[in-house]
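Asker: Handing you a structure now.
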Amino acid sequence: MEDSESSTQAPAAHHGISLASSPVRALIRMRRKIRTLKKSRLQLDLTTGRPLDSAKASLRRQISTDRASLFKTTTYEKQQYFNFDTPTLEKLALNNQIRKKNRKKSRHVLYPGNVRKCLPVEQKSKAKRCLLLFIAIVCFQIFNAIENLDDNLQKYDLDGLEKTLQREVFGQRRAIDKLMDHLKDYLATHYHNKPLVLSFNGPSGVGKSHTGRLLAKHFRSVMDNDFVLQYYTMHNCPDENDVAKCQAEVSGMISEMISRAEIEEKIPVFIFDELEVMPVALLDVLHGYFQLNQSNEYLNAVYILISNIGGNEITKFVLQNSSKDFVNVPQELRHLVLTSLRKQHFLWDVAEIVPFTLLEKRHILDCFLDELLREGLYPDHSNIESLAGQLRYYTKENKEYSITGCKQVVAKVNLLQPYT
């Protein structure tokens, strides 16, 4: 009975093994072989007496060689649809070349030989045209603005004014340059955010009032008499009891002139002389027109304030610094003048200070020469020297500065006329 069962089981087992694939059978054989090798190695080590470590190492080498030979065998059957064979380097290189060729071919569009190629029409970007148009408009506006600035300067003929001042005002080159810089910047356009307030300060006889008269004459010639006001305190408001009347007159003249100038798009010029004797109430009226919280037409005006205030400070500064040939009037001088002006009234806080310094003797000679030519007299050099020697001078560092400036030149020349 038992023999029959074993006989029946043996064919069944044999049939199951036959169903397994060839790799399974190879693994079974390799496992059996490993077991027999282990047993034989152990028996050999026991008989020969070699150490177990060397036996184990040799056994590992044998197993690795058996595994390598197992994978190298051709017992694996090549499947029809899929396998796990690792590709060689040659196959990989060949496949990459084929793929590259396919990609290169796919990029080109093939057209039939008898068909005309119709390439897509390239559409031009409109943004580029808009950008060019915008740049052209901006350039035109800039060019137009520059032309308008030139037109304004030509309208007031500031170049001619500068030449006149340089020709007829002696010894005040720095003051004239500063004055013209302010006028050119302000009169270049008609719209401003504040009025231009200039203050001529210096000792007597240095050319402040003479410069004011030249400015009034020039602007009357280029604009009209209706847009230029010359106001002398000693002449227009000599009596302190008439201050209220003077206030009304000054306020009315300024308002009326500004209104007319705004209609014709012109900038009026107001010249106030002898401010050192002007009443405080009248200074308050002027200060009201210098404020920023006014209508726009009152912001387009030029105010020139002429006074001897700060003249002593300028005289001391020039005499103390006579050895220095400074190109520009230092800020220290303007600070000294402004300190003296603030003691008089606070309206000078918004003014641009233009200091007029002392005149040297050579400038006095120029004044005599110019006056002689005006009167039609022969300009004898020795006669001019004698006339200039009659004036008083400050002497400092081999330089002579006139105490009274050119103020007595006209009177001295008039004394010559009966004898010529």
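Residue numbers in this text run from 1 along the chain shown.
Heads up, the Cβ atoms here are built off N, Cα and C, so glycines get one too.
When I checked Swiss-Prot for this same protein, it listed these features:
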BINDING   Gly202, Pro203, Ser204, Gly205, Val206, Gly207, Lys208, Ser209  ATP binding site
TRANSMEM  130-150  transmembrane segment
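Surface or core, plus neighbours and distances: that's what I need for these features.
Answerer: Secondary structure from DSSP puts Lys208 (ATP binding site) in a helix.
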Asker: Taking the centroid of the Cβ atoms of Gly202, Pro203, Ser204, Gly205, Val206, Gly207, Lys208, Ser209 as the ATP site, which other residues of that chain lie with their Cβ within 8 Å of it, listed in sequence order?
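Answerer: Going along the sequence, the neighbours come out as His210, Asn308, Gly311, Phe356, Gly405, Lys407.
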Asker: Out of Ser204, Ser209, which of these binding-site residues shows the lowest number of other CB atoms within 10 Å of its CB?
Answerer: Ser204
Asker: With every protein chain in view, how many other Cβ atoms are within 10 Å of the Cβ of Pro203 (ATP binding site)?
Answerer: 24
